[in-house]
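So that you can see what the record holds, here are the features copied from Swiss-Prot:
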ACT_SITE  Y775  active site, O-(5'-phospho-DNA)-tyrosine intermediate
BINDING   N65, N96, 124-126, 137-144, 354-356  ATP binding site
BINDING   E440, D517  Mg(2+) 1 binding site
DOMAIN    434-548  domain 'Toprim'
REGION    956-965  region 'Interaction with DNA'
REGION    1161-1211  region 'Disordered'
SITE      K468  site 'Interaction with DNA'
SITE      N471  site 'Interaction with DNA'
SITE      R640  site 'Interaction with DNA'
SITE      K641  site 'Interaction with DNA'
SITE      K693  site 'Interaction with DNA'
SITE      S733  site 'Interaction with DNA'
SITE      R774  site 'Transition state stabilizer'
SITE      I826  site 'Important for DNA bending'
Amino acid sequence: MTYASKYKKLTPIDHVLLRPEMYVGSIETQPTPMYIFDPEKGRMVWETMRVNQGLLKIVDEILLNAADNINNSKGSVRQTYISIHISDTGEITVENDGAGLPIVRSREHKMYIPEMVFGHLLTSSNYNNDSTSTTAGRHGYGAKLTNILSTKFSVVCRTDGRESHMSWTDHMRMATAPRVNRVDPKEKSVTRVKFMPDYAHFGFPNASISLDMKRVLHKRIMDLAAMFSKIEVRLNNVPFGFRTFTDYARLYSLPGLDGSMPPEPFVYTSPNGSVAYVPQLTQSPKRIVGVVNGVVTYNGGTHCNAAMDILDSCLDSLSKNFKKNGKVVDTNRVQRHFTVLVFLIQTQPKFDSQSKARLVSTVTMPRMPKNTLEKYLERMPFLEAHVNSMDDQLANELNKEIGAGRRLSSKTLISAITKLVDATSSQPDGRNIRTLIITEGDSAKALALNSLSSEQKKYCGVFPLRGKLLNVRNKNLKRLKTCKGLQDLFLSLGLELGKEYRSPAELRYQRLLVMTDQDADGSHIKGLVINAFESLWPKLLQNNPGYISLFSTPIVKIKVSGKSKEVIAFHSFRDFHRWQRAHPSARYTAKYYKGLGTSTTAEGKEYFADMEKNIMQLTVDARDHQLLDSVFDAAEVEWRKEWMTKANAFQGEVDIDRSKKTLTIPEFVHKEMVHFALVGNARAIPHCVDGLKPSQRKILWAMLRRHNSEASKVAQLSGYISEASAFHHGEASLQETIVKMAQNFTGGNNINLLVPEGQFGSRQQLGNDHAAPRYIFTKLSRFGRLLFPEEDDPLLDYMDEEGTFVEPHHYVPILPMLLCNGAVGIGFGFATTIPSFHPLDVSAAVRAMINGESAKQVVRNLVPWAVGFQGTVRRGPDNEFIAVGKYTAHPNGRFHISEIPWMTSIEAFRLHISSLASADVVQRIADYSGANHIDIDLIVRDGSLTTWAECETDLALAQRIYINGTVFSPTGTLSPIDSDLSPVLQWHYDRRLDLYKRRRTRKIGLMKMDLARLQSTRKFVEHFRQGQIDFLNATDDTLHKTCVKLGLVRVDESFDYILKKPITFFTRTSTEKLQADIAKTQAQIEELKRTTPVKMWLTELDKFDKTFQEYERVLINSIQKEQRSSSITGGVELPALRQPLLMLGASAKGATAYRVHACQYEKPPPSKRRPGESVGGARPSDSAARTVGKRLVGSRSEFKNKKPMSRKNNVKVSLSTRVAQXPGAQLGRLLPHVLM
């Protein structure tokens, strides 16, 4: 490809189709928390919907056209209705009466006005900048975007006795000629737009609208009806009929936990709009619904801020009144009791983009009497719960403890705070600001001290922050008592808790300079410092811009090759990447500064030589309190989820403009703090396709790359992985991750990707009892290349870390590893808990999808499981599961426990049993448990544990399994999936199948290249053997020309693969072998062409299944060998077997697999009894052999009468089932019938 061919010029239509996000927002369906109308409850509910913003926007454009017509319909022609119809196929029709478009030809453009307005970009009637205009349209895109992003689009316009018809197809490229007819002038003017969105382009699998999007559009149309309540708005012929805005606001009222309803909403309506404050009896994250001229601003804007300012102002006034009486109102928590609705009519509104998600222009709010809202707030029933006594006493106690408020001498201060290096001058000299530099740890402190000049040390002190800073939002002084770092910082500055500061003049230092690493953790420390000061002393920051300042150091330095040897420092990756684009052919070496410890003392002196040049001043205003509250307040989880959902998960750079000398709180939060949040989530939340977190992926990549069969010490291996994969965090955390990836005890990994050689932990402490990394060894397990085939490697998308390609963004294993091993992680605003499932069950699920079953069908039948577990997992309520251990009840209160839920450690279980002994429930304990098996005999007090339910509960033998998933989607965005794991299966299935297609294509291409090389070699050899090439007398140039003349292929732009062969290569034997290689390669190509991607997948699944079955057999045998050969005999065992593996698909040989936990009985069952029927009085034999995880395979005909997809056909031991299900069944009554 030439450089010129890379550059293209697109038509406007093609540009919209290729880059729709620039015009209508993202066309990727994303989980979005929002208000939605619940028809069963008859009110709004807050739910997470799967929303396609692009699709929503193109529908919105047509709705807004109909709404804009209300303002155009004045005088005698009034608009009376807007009618919307959404068909089952997804075709949408919007019709309205009113003024309508004139059906005349434009003299300038030679076409009818409807054709211009709906079929040509950049046409509009809103270009006159009318200062009184209240329409939503501004840019001339609107309905044309809907036309372009639809498969068909038609318009009917009737005005002044004329009616026009026109339609478009092929994304507005093809248009029918306008058809204009005469009609009765008395007929009402009508505009009817009908269109079919291109659902495939928006990523909808069935090319039709989803149920979630129907509900979202229903809510959107309700908002329109509330905005324009004077006209009738109907959906599918059903009018909404809001008589007043108060009717609409009442839909947001949420009943309390006891069913009581909150007070009526506070609603104020004026000619330019309505504002409603809807009280709720329980707290929730701050929620605002904003609409401007009919446009729903999903990201808020100036009108939403103004409405919150009104509420803040009233609450502040209320708080002052309470303060006079020695009380304080927690205004932040009171705010969380309100949902705010802002519906405004504004002249010439301006939005942040064509998608109009945020209003940016100045707004005029309805003028409401301030004291009216204050009186309303005073009557709120929840207000008293947030009126507390002043924290003065606690603040005074803490001030005494830390010595705050006292003027301490430098000597006394240093003895109190040993880490503080105080400025040598006690007073500022008028020219220099007395500054306290706080650093991230001692190494950064050393850099600062070594770099400051003697003159600078007169007015600059240095204090290192050690340990984790706490979040002290909402003046949490009790929590502050536990944070020594912040206490010492406040003492160093001379700050007193509970005191209001308006100037830093009375403090020991007049500026706080934060000097941290330029990575995500450094951003977090900056955020916590800013949060603490804004929470405790907001006026100090608001009245003194730059009191908190940030010190910026380079994150990348490059040394340009050449005579100049120029060194260029970059303070952001954005500037570095911009330089790279501007100098594509430049040669340079780069040094990355992820921590301050990377800088030399000489470099540090450069930073401080022009100290003010590297400082950014933080500016804070009163409105920033709400934003910081959203980021740091524990109650604002939903806000943080929305914040993270909208952010790009793989944003690798801090996007702050370092050339500016000031930084606002919104800039810091949305451009730097978000970086920490994204990185924190990336570390904690797994990827949906490979189930790995970044550190796990780095380890796996390094181990796959190593190709070694010998085990290495974990401590040494971590060093290799850290260097090879550019891991920038402590090796201790990497070693811990390596250990966890190798653990294979029951409840650890179902598939351990690394081999544990040594003590890697056990069920005793769920792996926490592993030996030190310097004593244990590991290597890649046999599953490594089975799950991550080497043929995949060239097709993966690799990360660029410090100019070097390292691990891929994500792997695409043959199985969804997230389901095989599960995942637990807590990120920023998000957490994930996904249990593990049996790998062979997951393999069967993938086979079922290959056979045509949907992900939702398949996932419905998966049950959490840990390999080696000998108990039972049963379904509970609300998508929960319950893992139950295995135990046997004997006469005289004796119990034998042989299994516990795999999430519980043996030590924790032993501690629980000991507590029962202390309570005199358990009278005797005999513990024979090993590292990985449970074997405990108990004798309980007579009368205790009389029912099966009590046994499970009191002995902690049952544990709930919750599924609450959040994962990174294939595109790298955070996707909450809750308890529905079907997206994980579907995402993995789509990616893996696509990879097989690409792998097959690549392999065929490589084999064809090999074939061409072999054929060229044969052609040259034949000419040589026939004497047509005089090899001995030929020059290199002559041989090269001969190869060109013969039409031989080049390899790496040369013919060396032929010309540098040894002379023995031209013998008859070699020639015959060459011919055989050609025939073999041709046969392989033909065989590969006949092999489908699905067949390739099934072949690799068969290899994995066979290997894992052998691995599981060995593992279970090892567990059973550790168990006692005999224990207390006789008794009733519950449960005796696991629910069967539900039929999920056929294997390659047409057989269907089931997993059954078998149980044998001392008395032979009746000859006519079928498996699973009642057993009468037979009792299980403790000495009888039990097979755990046995795989029974039979032909499909053998199981044709079974319906394993149905939960009703699960195999159970009827005796245990009957005893467990007998209402109030007591062991005292039941045991005589079943025990001898």
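Backbone N, Cα and C define each Cβ position, glycine as well.
Annotated features taken from Swiss-Prot, shown on the structure.
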residue: S355; record: ATP binding site; contacts (Cβ under 8 Å, 6+ apart): Y23, V24, G25, Q53, K57
residue: E440; record: Mg(2+) 1 binding site; contacts (Cβ under 8 Å, 6+ apart): P464, L465, M515, T516, D517, D521, G522, I525, L596
residue: K641; record: site 'Interaction with DNA'; contacts (Cβ under 8 Å, 6+ apart): P33, G829, F830, P976
residue: S733; record: site 'Interaction with DNA'; contacts (Cβ under 8 Å, 6+ apart): S695
residue: R774; record: site 'Transition state stabilizer'; contacts (Cβ under 8 Å, 6+ apart): K713, V714, A715
residue: Y775; record: active site, O-(5'-phospho-DNA)-tyrosine intermediate; contacts (Cβ under 8 Å, 6+ apart): K713, G758, Q759
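Taking the C-alpha positions, the distance from G142 (ATP binding site) to R640 (site 'Interaction with DNA') comes to 31 Å. The Cβ of K468 has fewer other Cβ atoms within 10 Å than any other of the recorded positions K144, K468, R640, K693.
Here N65 (ATP binding site) is positioned 34 angstrom away from R640 (site 'Interaction with DNA'), judged by their C-alpha atoms.
Residue counts for the region 'Interaction with DNA' (956-965) under DSSP, split into helix (H, G, I), strand (E, B) and coil, are 0 helix, 6 strand, 4 coil. Counting residues of the domain 'Toprim' (434-548) by DSSP class, helix then strand then coil, yields 55 helix, 18 strand, 42 coil. According to its DSSP assignment, K641 (site 'Interaction with DNA') is helical. It is 50 Å from the Cα atom of I826 (site 'Important for DNA bending') to that of S124 (ATP binding site).
On a Cα basis, K693 (site 'Interaction with DNA') lies 26 Å away from N471 (site 'Interaction with DNA'). Following the DSSP three-state reduction, the secondary structure of I826 (site 'Important for DNA bending') is strand. Separating the Cα atoms of K693 (site 'Interaction with DNA') and K144 (ATP binding site) is a whole-number distance of 43 Å. Calculated from their C-alpha atoms, the gap between K468 (site 'Interaction with DNA') and N65 (ATP binding site) amounts to 54 Å.
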